[in-house]
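Below is one structure; the comments refer to it alone.
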């Protein structure tokens with residue numbers, strides 16, 4: 001079970017998304033998951049090994065590393081991506097439930113073509129509209145929460161070059177040097193920017209859905225008149 | 001055979017699960033197996049190489065690591081996930097057996113053409129009768145395994161928190177030696193995360209158990225008030241327009257020489273023999 005399987009699972013959801021939703025999914029997979037796997041993981045690969053402290057005291061390096069990096073950027077991004085992509089499964093479950101209802105009606109006598117049912121695109125209306133809107137809302141919330149967690153944990157988005165550590169068993173204050181700080185800062189800013197773009201896409205999709213429903217409602221009231 | 005293989009095997013079971021069962025399966029695969037593979041494994045990756053002891057004594061490092069970490073969290077979680085997902089295979093086997101029986105019956109009644117046999121494979125089995133018991137057993141086993149592993153974790157690593165420092169005095173370490181664990185905070189965060197998802201899975205399993213029991217009792221109540229309602233089997237529904245109901249019952253009794261057979265012949269015994277199995 002890895003990113004490939006997640007892509008397979010979410011690829012199915014793609015069929016029932018809006019166009020903005022499809023763009024969002026593409027950005028997620030290509031500019032975030034793929035970059036994480038092919039590039040970012042290598043940059044952070046030697047984060048603990050090459051974290052060097054100016055002391056011979058055994059254990060000081062471990063303690064200082066743990067103090068300044070409670071959870072690695074890579075793991076935070078992995079969790080962020082998992083949480084941000086899962087609300088789409090709510091939509092997939094709702095679509096599957098609707099199809100199941102249609103199949104049940106077919107079994108009770110109504111004539112529906114089963115093959116067509118499988119390939120049919122379900123329109124985002126009624127309770128599905130609410131499920132879809134909730135999923136987008138959750139996506140936005142998760143993105144914002146993780147961006148805040150990053151900011152809070154690492155005091156901004158820049159990777160420091162040097163940290164001064166005085167946790168036991170380090171003697172007095174010890175200088176510790178982070179491995180590849182500039183490259184890490186670049187990738188942090190890149191992932192932040194793409195995260196911002198994804199949030200904008202989600203907000204745009206939310207506005208699109210709300211405007212569409214209002215237009216539909218106003219068209220209905222004018223037709224009724 | 002890796003996690004992807006397990007996913008392929010269990011996706012088939014998904015079709016015959018309840019809605020709660022499907023949610024449980026999604027939680028297992030996305031929030032536990034996937035997090036284990038993409039995140040947790042790299043946190044514990046250097047657990048031994050970065051385990052540092054304040055001594056130059058050869059062998060002390062290995063002995064202390066082995067003493068304080070008899071089995072790594074990652075391996076325990078992998079075992080837990082495998083044992084927790086395997087009871088679902090009991091259900092898969094039972095469904096396969098029932099489908100085999102249905103195919104045999106179709107061939108016997110002269111409907112053994114490819115189209116009907118394909119339909120047997122595709123239709124969703126109702127969780128009723130003996131399948132209900134198998135399904136309930138599998139949920140009970142899942143709950144048991146989850147609880148056992150959570151207890152095991154607590155016993156081996158008290159408090160679910162990863163210690164920063166361990167004081168070791170096993171031979172060959174001289175006197176007492178300070179040993180420092182690598183990434184204790186990150187490990188604690190992931191331990192708590194996996195614990196929370198494990199609890200969520202336990203709650204889902206309990207909810208599913210309650211749902212199954214309530215549904216079976218409701219079905220039994222409905223059945224008592226309306227004993228002539230059709231049985232839930234696929235061929236009963238499909239062929240009832242072509243055969244009379246008693247002919248289907250005869251075919252059923254030939255296949256199943258159990259209490260069901262006796263009850264059908266003697267409806268007066270139904271009240272005495274009725275169980276909460278919605279059969």
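Placed from the backbone N, Cα and C atoms, the Cβ positions cover glycine too.
Here's what TrEMBL has on this protein:
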type     : residues  : note
TRANSMEM : A:23-40   : transmembrane segment
DOMAIN   : A:42-75   : domain 'Connexin N-terminal'
TRANSMEM : A:77-97   : transmembrane segment
TRANSMEM : A:128-154 : transmembrane segment
DOMAIN   : A:142-209 : domain 'Connexin cysteine-rich'
TRANSMEM : A:187-211 : transmembrane segment
Average the pLDDT scores across the domain 'Connexin N-terminal' (A:42-75) and report the rounded value.
-> 91
Surrounding residues of the transmembrane segment (A:77-97) on its own chain - C-beta under 8 Å, 6+ positions past either end = 6, 9-10, 12-13, 16-17, 25, 28, 32-33, 36, 40, 122, 127-128, 131-132, 134-136, 138-139, 142-143, 146, 191, 195, 198
Residues sitting near the transmembrane segment (A:23-40): Cβ under 8 Å, six or more positions beyond its termini, same chain?
-> 3, 6-7, 10, 13-14, 17, 73-74, 77-78, 81, 84-85, 88, 187, 190-191, 194-195, 197-198, 201-202, 205
In the domain 'Connexin cysteine-rich' (A:142-209), how many residues does DSSP call helix, how many strand, and how many coil?
-> 41 helix, 8 strand, 19 coil
What are the DSSP helix, strand and coil residue counts for the domain 'Connexin N-terminal' (A:42-75)?
-> 14 helix, 2 strand, 18 coil
